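Student: Here it is, the structure, as structure tokens.
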Amino acid sequence: MALSEAAVKVQAALQERGLETPMLPNVFTPEERKDKIEFHMKEILTLMSLDLSDDSLADTPRRIAKMYVDEIFSGLDYENFPKITVIDNKMGFDEMVRVQDISLTSTCEHHLVTIDGTATIAYIPRKKIIGLSKINRIVRFFSQRPQVQERLTQQVLVALQTLLETKDVAVKMDAVHYCVKSRGVMDSTSSTTTTALGGIFKSNPATRAEFLNQSK
């Protein structure tokens, strides 16, 4: 299936800036990927001395394969990039548009455990206005990959800048990393905040402060 125009533009913009997720060319169909993941997951679980003949575990390798391809890593495939509705700003709206408390669930690319948090996004319209739900969908698309939070924040920023044809975009993410919470240091209370600011949000102290102060 051919990629949408929006997907092509966003992917090219990320590659140009060195912000694309490290990926190899995709040479397998989704079903082929599921079959290969299932095969290797059986080996992994067996090496961990789990009995896959037990009815509770028998379908686990296939469940994991489907979850990886269709759900938590579906953002690795630009065929899954959301359909984007962008309209001309005929009304001349030039004040901040802000969407906050966007839920995000991603996966740490170092240990493949959960990143759970929220995003706040703002932009100042110039030529284009985007459908509000599309902002949430873009966050979800880039979250559905193995990620580091810093890159995820930047990817969402560049995607919106590209689609809206303006630098005036701001992204803030607050998340709990289960690679910190459930293993290693096992800190159950800390969270991580990242920001990516573009255009007037970066250059104008008052606009930056307005965004960050309202994001608390």
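Every residue, even glycine, has its Cβ placed from backbone N, Cα and C.
Feature list, courtesy of Swiss-Prot:
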- CYS108, HIS111, CYS179: Zn(2+) binding site (BINDING)
Student: Look up CYS108 (Zn(2+) binding site) in the DSSP assignment and report helix, strand or coil.
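Tutor: It is in a strand.
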Student: What is the set of residues, excluding CYS108, HIS111, CYS179, whose C-beta falls within 8 angstroms of the centroid of the C-beta atoms at the Zn(2+) site?
Tutor: THR107, GLU109, HIS110, LEU112, VAL113, ILE115, HIS177, TYR178, VAL180, ARG183
Student: Taking the Cβ of CYS179 (Zn(2+) binding site) as the centre, how many other Cβ atoms fall within a 10 Å radius?
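Tutor: Around CYS179 (Zn(2+) binding site), other Cβ atoms within 10 Å: 17.
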Student: I'd like the Cβ neighbour count for CYS108 (Zn(2+) binding site), meaning other Cβ atoms within 10 Å of its Cβ, all protein chains included.
Tutor: 18
Student: Going by DSSP, give the three-state secondary structure for CYS179 (Zn(2+) binding site).
Tutor: helix
Student: I'd like the number of other C-beta atoms within 10 A of the C-beta of HIS111 (Zn(2+) binding site), please.
Tutor: 15
